[in-house]
Amino acid sequence: MRKMLAAVSRVLSGASQKPASRVLVASRNFANDATFEIKKCDLHRLEEGPPVTTVLTREDGLKYYRMMQTVRRMELKADQLYKQKIIRGFCHLCDGQEACCVGLEAGINPTDHLITAYRAHGFTFTRGLSVREILAELTGRKGGCAKGKGGSTHMYAKNFYRGNGIVGAQVPLGAGIALACKYNGKDEVCLTLYGDGAADQGQIFEAYNMAALWKLPCIFICENNRYGMGTSVERAAASTDYYKRGDFIPGLRVDGMDILCVREATRFAAAYCRSGKGPILMELQTYRYHGHSMSDPGVSYRTREEIQEVRSKSDPIMLLKDRMVNSNLASVEELKEIDVEVRKEIEDAAQFATADPEPPLEELGYHIYSSDPPFEVRGANQWIKFKSVS
């Protein structure tokens, strides 16, 4: 009797509250899927665009939520490590733009290709690398995805051709990847990303021309986050309709803060390219919460109130969360459990990224040429011979 009373007392006092919460989540009957209305895309040289309604399954919703939370927390951890001077050099964060990288990946196949600019952490993750590999690369450790030598911009994954530090230079490369897809007869597309700040680069228009001329399966994607470094799009461009910039290339403007809009637009664009019609252009209207880079506080050319308004009204993670909870695809408690798991994953990765050793100096020349004999590289003080290994 005493044991029974003690057990009842523990339940009433809340000692079993956390396990009970898990039982509640596990036993609740959730919907398998739900249909949502999404914003209609603005179109250029297209008679029809992506659908204005879409179905989200519970499984996909939970996956998207976890991925976006992981990207958000990973970027916030990178911010912390940078301020602690553990991450050094250039570092461009993408928090606020999670619906872009996760939504684009949801609309293509793993065998498709992607190349982007220097704001690349989120795409590196969605292309399949772990948080541990990404943070270790940021801190310059051997366990990083590029052996600690690439840093923030130069990360690689399967069918991901890294970021590019030269503004707009990745766009002709993306057209070249699309050319390889067509030349080799593969049913694949290349997503070629650039920002609104790069949209005025001449090489981009040259890539447009060749892609259209050769009908390459290339999706040109402008991530319009409203500011090129510290310059607003209105001050930098005579026309801010970036989806029309291709002129002879069809385009669509997409709500880049809504992962479902991004997913459906990407599926539409990929199907267009796979059909042999040639390239298509997408403009994702999005927003970055951080400044241009870690050296930019981000409040000298925009107000804190503007940033807060976007956070409160258009945050991509909150938008997905509200949809899932209100349509019985998930519960608040279940999503909180995901948040806890993501935070733990990030902390574990950060510990690895700070404890893993840096690559030794003698490995500086590794992974440059695959089969050439050893060569000499001039060091700071003397000539040092490095091995050339794959």
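Going from the start of the chain as shown, residues are counted 1 onward.
Glycine too: its Cβ is placed from the backbone N, Cα and C atoms.
Per Swiss-Prot, the Mg(2+) site holds N225, Y227; the candidate it also names there, chosen from D187, D196, D255, D258, is D196.
With respect to K313 (N6-succinyllysine), the closest of these binding-site residues in Cα terms is Y227, chosen from Y118, R119, D196, A198, Y227. Summary of the Mg(2+) site environment: with the site residues D196, N225, Y227 set aside, the chain residues having Cβ atoms within 8 Å of the Cβ mean position are G195, G197, E223, N224, R226, G228, S232, V233, R288. Classification of Y227 (pyruvate binding site) by DSSP places it within a strand. The distance from the Cα of Y227 (pyruvate binding site) to the Cα of S295 (phosphoserine) comes to 15 Å. Looking at Y118, Y227, Y301, the recorded positions in this record, the fewest other C-beta atoms within 10 angstroms of the C-beta turn up around Y301.
Close to K321 (N6-acetyllysine) in the fold, though at least 6 residues off in sequence, lie Y65, L335, each with a CB less than 8 Å from its CB. Among the recorded positions Y118, N225, K244, the ones whose Cα sits within 10 Å of the Cα of D196 (pyruvate binding site) are N225.
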